[in-house]
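Undergrad: Following this message is one structure expressed as structure tokens.
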Amino acid sequence: MTTEKKDSSSTPASPHTSHISVEVVDPTIKQGDSQKILERKLKRKLDILILPLTTFLYLCAHLDRGNMGNVKLQGLKSDIMDDSDTKYSIALTCFYIAYITFNVPGNIMAKILQPSIAIGIAALIWGVASSLQAAVFNFAGIVVCRIFIGIGEACFGPVVPLYYSIWYKRDEIALRNALFIGCGALAGAFGGLIAYGVSFAKGSSIGASWRILFLVEGLPTIALSVLIFFFLPSRPETSKYLTEEEREIAVARLAADQHNQSHKKKFQWSGFRRAVTDYRSYTYGVIYLGVNLTLSSISGFLPTIIVSLGHTDAEAQLYSVPPYACAAVYMIIICRLSDRLRCHGLFVAGTMLLSCVGWIILLTVTTNQHARYFATFIVVMGAFTAVPLMLSWISKNTPNESQRAVQLGILNAIGQCFSILAAFIFPTSDRPYWKLGFGLNLAFNGLSAILAAILYCLLRYENARRDRLAESNNAETTDPSTTVTTDLAPTFRYIP
């Protein structure tokens with residue numbers, strides 16, 4: 001023991017002392033490895049706490065939002081809308097008007113309150129409204145319910161990407177958003193299966209099958225809203241579900257990441273001003289117009305389009321399942337790849353071009369119904385995949401949390417405007433070729449692809465300009481933790 005305490009400079013080197021010197025280095029290596037292990041364990045714990053609640057809730061949200069396309073075929077339109085295309089379109093539109101109006105206020109509310117509380121309140125609002133649709137007996141009743149569903153979902157859908165950005169680093173967000181939005185695609189699949197099963201319900205005391213469908217898809221949202229209140233973590237620095245060590249790791253890993261340098265709880269008006277004066281906010285929004293035109297067209301009319309391919313109403317519910325299922329898988333693969341490559345603009349452009357191919361087939365092929373059905377797969381895969389890519393693109397390029405909240409709200413407020421248009425571009429008189437609906441979707445999907453590619457180039461140019469400026473000023477660019485407040489800071493670099 002005494003020989004190990006001697007100064008190594010006074011004794012000759014030996015295999016034994018060499019072995020000791022290696023052992024001195026090993027603890028440092030193990031400490032670094034230990035830190036990585038602790039971070040991986042933290043991410044797993046966050047995924048277990050956060051992802052199930054938020055993704056299942058989005059599945060419910062998409063079921064409640066998109067079930068109009070299913071109940072239309074089950075008698076809702078003839079029972080309380082006098083079989084009027086206009087009334088059906090108005091019912092669809094009411095949801096989107098409320099959704100657009102409350103997008104930015106909903107995100108600001110989530111910033112002022114705890115995001116988990118805001119999400120729970122939002123879910124309770126639209127869950128109750130969705131369930132009450134089963135009890136309506138006139139057109140006014142369905143309109144009121146759709147308005148409150150829109151209000152609730154406006155305070156939820158854009159808030160979750162903001163919420164994820166509070167917990168995850170820039171290269172971790174797209175995959176989580178893909179899992180989140182992927183549940184929307186799965187909702188389309190489950191919605192078709194549920195509607196298919198409910199269509200055979202006979203002799204129920206509730207009444208028509210569409211009433212049963214509203215109830216079956218609305219009540220789970222209320223149950224989930226209660227779980228959200230009690231179990232969804234609040235913020236990394238205060239969450240009761242993390243140990244003190246885990247809270248320190250969570251805060252430190254975000255502080256070292258450029259996308260989350262300003263994570264103050266209070267709403268910052270500097271972030272608001274940056275969001276509303278940045279041209280990118282509105283460019284993102286215009287790109288999202290084309291995405292949402294297609295999403296809303298699919299949500300409101302995919303079963304109707306499939307019926308026009310020669311299938312019965314019940315078969316159409318069933319045949320709407322495979323396109324959504326394929327979209328969910330494709331979305332996760334593409335978003336994972338975009339995270340690895342740290343690139344979003346080209347992937348957004350590529351997915352929208354894929355959707356364009358589907359619309360071209362639907363427009364030009366009029367006799368081969370198998371090819372037309374295949375085209376619905378391409379359209380759903382392209383449009384759905386663009387959603388998490390867009391949400392992640394903004395989240396990664398807004399280091400100020402208040403700026404991020406407002407910019408995500410602007411994205412949805414602008415983007416959902418064409419959801420209103422989608423409600424009116426598939427009139428029954430256009431059946432079975434739907435030239436107006438297919439043509440408008442093709443045009444605006446193409447515009448989205450072009451703008452996404454242009455914005456990608458602009459962001460790469462801006463990064464290169466800042467690199468040149470930093471080199472000329474001999475500026476430090478690797479540790480922006482004390483300087484970044486918005487994306488205008490010269491140390492910040494965009495994800496193109």
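A Cβ is built for glycine as well, from the same backbone N, Cα and C atoms used for every other residue.
Features from TrEMBL:
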TRANSMEM  46-64  transmembrane segment
DOMAIN    50-464  domain 'Major facilitator superfamily (MFS) profile'
TRANSMEM  88-105  transmembrane segment
TRANSMEM  117-141  transmembrane segment
TRANSMEM  147-166  transmembrane segment
TRANSMEM  178-198  transmembrane segment
TRANSMEM  210-232  transmembrane segment
TRANSMEM  282-309  transmembrane segment
TRANSMEM  321-338  transmembrane segment
TRANSMEM  345-365  transmembrane segment
TRANSMEM  371-394  transmembrane segment
TRANSMEM  406-426  transmembrane segment
TRANSMEM  438-459  transmembrane segment
Undergrad: Considering pairs 6 or more residues apart, do the transmembrane segment (345-365) and the transmembrane segment (438-459) have at least three CB pairs under 8 Å?
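TA: As far as Cβ distances go (cut-off 8 Å, pairs 6 or more apart), the transmembrane segment (345-365) and the transmembrane segment (438-459) touch.
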Undergrad: Apart from its near flanks, which chain residues at least 6 from the ends of the transmembrane segment (438-459) lie with a Cβ under 8 angstroms of it?
TA: 280, 283-284, 286-291, 293-294, 297, 343-346, 348-350, 352-353, 355-356, 359-360, 362-363, 379, 382-383, 386, 397, 418, 421, 425, 494-496
Undergrad: Per the definition of 3+ C-beta pairs under 8 A with sequence separation of 6 or more, do the transmembrane segment (88-105) and the transmembrane segment (371-394) touch?
TA: no
Undergrad: Thinking of Cβ pairs under 8 Å, which stretch from 147-166, 178-198, 210-232, 321-338 has the most of them with the transmembrane segment (117-141)?
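TA: The stretch with the most close Cβ contacts to the transmembrane segment (117-141) is 210-232.
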Undergrad: What average pLDDT does the predicted model assign to the domain 'Major facilitator superfamily (MFS) profile' (50-464)?
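TA: A mean pLDDT of 87 is what the model gives the domain 'Major facilitator superfamily (MFS) profile' (50-464).
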Undergrad: Going along the chain, which residues at least six beyond the ends of the transmembrane segment (406-426) come within the CB cut-off of under 8 Å?
TA: 88-90, 92-93, 96-97, 99-101, 103-108, 154, 157-158, 161-162, 271-272, 275-276, 278, 281-282, 284-293, 295-297, 300-301, 304-305, 390-391, 394-395, 398, 434, 436-437, 440, 444
Undergrad: Where among 178-198, 210-232, 282-309, 321-338 do we find the most Cβ pairs under 8 Å to the transmembrane segment (147-166)?
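TA: Against the transmembrane segment (147-166), the leading stretch is 178-198.
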